[in-house]
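Asks: Dumping the structure here so I can ask a few things about it.
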Amino acid sequence: MNTQQLAKLRSIVPEMRRVRHIHFVGIGGAGMGGIAEVLANEGYQISGSDLAPNPVTQQLMNLGATIYFNHRPENVRDASVVVVSSAISADNPEIVAAHEARIPVIRRAEMLAELMRFRHGIAIAGTHGKTTTTAMVSSIYAEAGLDPTFVNGGLVKAAGVHARLGHGRYLIAEADESDASFLHLQPMVAIVTNIEADHMDTYQGDFENLKQTFINFLHNLPFYGRAVMCVDDPVIRELLPRVGRQTTTYGFSEDADVRVEDYQQIGPQGHFTLLRQDKEPMRVTLNAPGRHNALNAAAAVAVATEEGIDDEAILRALESFQGTGRRFDFLGEFPLEPVNGKSGTAMLVDDYGHHPTEVDATIKAARAGWPDKNLVMLFQPHRFTRTRDLYDDFANVLTQVDTLLMLEVYPAGEAPIPGADSRSLCRTIRGRGKIDPILVPDPAQVAEMLAPVLIGNDLILVQGAGNIGKIARSLAEIKLKPQTPEEEQHD
């Protein structure tokens with residue numbers, strides 16, 4: 001951003017008083033890095049720490065940020081404020097040092113709230129679909145020439161970044177309920193895609209507590225704000241009478257204000273009609289598969305229509321939508337060496353979904369778009385607590401594929417829980433009598449154990465939120481071919 005553009009922005013968005021140097025602890029996370037990127041482009045001095053480099057930290061370093069790949073007290077020296085990820089413990093040496101030096105320590109969402117304070121904020125919340133819906137809203141507003149600022153939890157592929165500083169008055173942001181920190185946000189418009197039991201440790205295992213927190217989030221809207229909510233979701237339908245703000249509903253349901261009709265999926269695209277009150281029907285081609293993505297698009301269209309964005313811009317944005325990183329992310333179609341006397345190709349798709357509802361939606365999209373493919377899933381459960389709490393749901397959903405390979409649970413810092421491990425889950429699924437899952441004890445064995453189950457007309461779904469995305473990329477790099485020890489050593 002040049003000096004003239006920055007001066008224009010300053011006339012719209014005042015600087016945070018006396019704040020010059022902002023330090024992020026856990027800066028390599030997508031959400032943290034996105035906020036840091038926006039602030040770097042606004043002209044603030046950015047530093048941060050994390051344990052290992054990744055594309056997020058590299059992008060920030062390219063913008064002039066100072067990144068430390070350790071956690072040491074001296075890293076926070078001279079910082080005006082320290083922003084902390086929810087994954088960072090209170091005894092982190094940088095947090096301790098900041099408190100001792102009386103440097104303010106705030107959560108990620110508090111800084112996001114400051115970015116939103118002087119802008120027209122649009123916040124996207126919900127258990128599933130937040131990242132994709134945020135990208136869709138951002139794409140529509142950009143196509144309409146409104147040049148929004150956006151902060152997303154995943155890579156917006158069209159932009160090549162998780163976040164971008166725009167010159168317009170809009171800030172579009174993913175709102176995270178996992179630690180209830182979205183309560184810091186005060187947007188003008190809020191989307192809620194759905195509400196399910198997840199991150200229940202935050203809510204003391206009480207689903208009513210989670211539901212009330214979503215109500216409180218919506219009541220952060222001004223009285224003239226608007227809540228856009230998916231009426232197909234039974235919990236949202238239950239909560240609607242308790243929302244004391246203007247609402248717009250969307251969904252496949254007949255009573256939705258923005259209704260999806262005549263949905264058809266052809267390969268990676270969805271085709272459907274949107275019916276809106278007092279507007280002409282909109283025939284949509286969406287460059288993203290699955291009924292769940294049609295719902296995400298309906299939410300984005302509801303917000304854009306309310307803002308008065310013309311239909312042509314909306315339709316262009318949805319037809320050219322490039323998606324987000326690790327959300328039904330097509331990594332390639334690769335020729336196979338003859339296996340079991342057969343040759344052919346296998347498609348490779350990487351997906352972040354790690355809740356049974358998300359996994360189910362991904363499987364349904366794959367079946368609808370490629371009904372004749374042999375559907376092979378490589379799944380990595382995420383967190384022992386989630387595996388325990390949703391054990392039966394996982395067992396039911398995972399039986400829908402033709403072949404299942406399962407990695408060990410990605411712990412995300414949790415201690416193992418007896419009976420909530422991958423071996424137990426495989427045993428339970430096997431007992432259902434539909435498929436015979438294969439446990440992959442070592443990620444290095446994935447390509448070797450995958451090859452024999454391919455038939456030459458395959459769609460491979462690499463599914464999960466842990467480090468499985470790296471495995472997906474490595475499979476693409478080696479074109480699904482198991483490597484010999486000599487090849488691995490050469491690499």
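Glycine residues also receive a Cβ, built from the backbone N, Cα and C atoms like all the rest.
Keep in mind the model is a prediction, meaning the values are calculated, not measured.
The ATP binding site feature in Swiss-Prot is assigned to GLY126, THR127, HIS128, GLY129, LYS130, THR131, THR132; the stated evidence is sequence analysis.
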Asks: Suppose we draw a 10 Å sphere around the Cβ of THR132 (ATP binding site). How many other Cβ atoms does it contain, all chains included?
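Replies: Other Cβ atoms found within 10 Å: 30.
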Asks: Can you list the residues of the same chain, besides GLY126, THR127, HIS128, GLY129, LYS130, THR131, THR132, whose Cβ falls within 8 Å of the ATP site's Cβ centroid?
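Replies: So the extra residues in range turn out to be ILE124, THR133, THR193, ASN194, ASN296.
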Asks: These are the binding-site residues: HIS128, LYS130. Which one scores highest on other Cβ atoms within 10 Å?
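Replies: Sorting the candidates by Cβ neighbours within 10 Å, the top entry is LYS130.
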Asks: Take the Cβ of GLY126 (ATP binding site) and count every other Cβ within 10 Å, whichever protein chain it belongs to.
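Replies: Taking every protein chain into account, the count is 24.
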Asks: Helix, strand or coil at GLY129 (ATP binding site), per DSSP?
Replies: coil
Asks: Taking 10 A as the limit, how many CB atoms besides its own sit near the CB of THR127 (ATP binding site)?
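Replies: The Cβ of THR127 (ATP binding site) has 22 Cβ neighbours within 10 Å.
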